[in-house]
Amino acid sequence: MPSQPSRELERFSNPHPERDYVVHMDLPEFTCLCPLTGQPDFAHFMLDFIPDQHNVELKSLKLYLWSFRDEGAFHEAMTNRIADDLIGLINPRYLRLLGRWYVRGGITTDVLIEHRQPGWQNPDILGQLPTVRWAQHQPGH
């Protein structure tokens, strides 16, 4: 039976809650609709998080992202919604979500969200996170 889009995110217990470690996910195939024109908008999300007690289950994340393909939303609203839903689900020690929205009308948009649990800090591991590289539009590309 084929999978269907679903807003139901699932989680599982962190197998090593005693340790800070980074989970990196590359999510290159996100699609939703422009709320003004109804035209498709495409984004590449890059997610980094340091789990506390839970991790997000990958198939549910895929189906969750797929569920937005026919929904209209501004880039900033959609990126924040996804971050809020993930934070609400797994309450990570740290989360960073970069939404890299593809060129529309000659403009690229990057939306970066960062969240930390109150009082949590680990500068050593945060220094190991991949550097955010802002999109650079080049004519003809």
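A Cβ is built for glycine as well, from the same backbone N, Cα and C atoms used for every other residue.
Lifted from Swiss-Prot, the feature list:
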- CYS34: active site, thioimide intermediate (ACT_SITE)
- ASP41: active site, proton donor (ACT_SITE)
- VAL56, GLU57, LEU58, HIS75, GLU76: substrate binding site (BINDING)
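Features recorded in Swiss-Prot, as mapped to the structure shown.
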residue: CYS34; record: active site, thioimide intermediate; CB count, 10 Å: 15
residue: ASP41; record: active site, proton donor; CB count, 10 Å: 21
residue: VAL56; record: substrate binding site; CB count, 10 Å: 21
residue: GLU57; record: substrate binding site; CB count, 10 Å: 16
residue: LEU58; record: substrate binding site; CB count, 10 Å: 11
residue: HIS75; record: substrate binding site; CB count, 10 Å: 18
residue: GLU76; record: substrate binding site; CB count, 10 Å: 13
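Between the CA atoms of LEU58 (substrate binding site) and the residue listed as 'active site, proton donor' there is a gap of 23 Å. Of the residues the record lists as binding substrate, namely VAL56, GLU57, LEU58, HIS75, GLU76, the two whose Cα atoms sit farthest apart are 24 Å from each other. Ranked by CA distance from the residue listed as 'active site, proton donor', the binding-site residues VAL56, HIS75, GLU76 have HIS75 at the top as the closest. According to its DSSP assignment, HIS75 (substrate binding site) is helical.
Counting only the Cα atoms, the space from HIS75 (substrate binding site) to CYS34 (active site, thioimide intermediate) is about 8 angstrom.
Counting in whole angstrom, VAL56 (substrate binding site) lies 27 from the residue listed as 'active site, thioimide intermediate' by their C-alpha atoms.
Between the C-alpha atoms of GLU76 (substrate binding site) and the residue listed as 'active site, thioimide intermediate', the distance comes to 12 Å.
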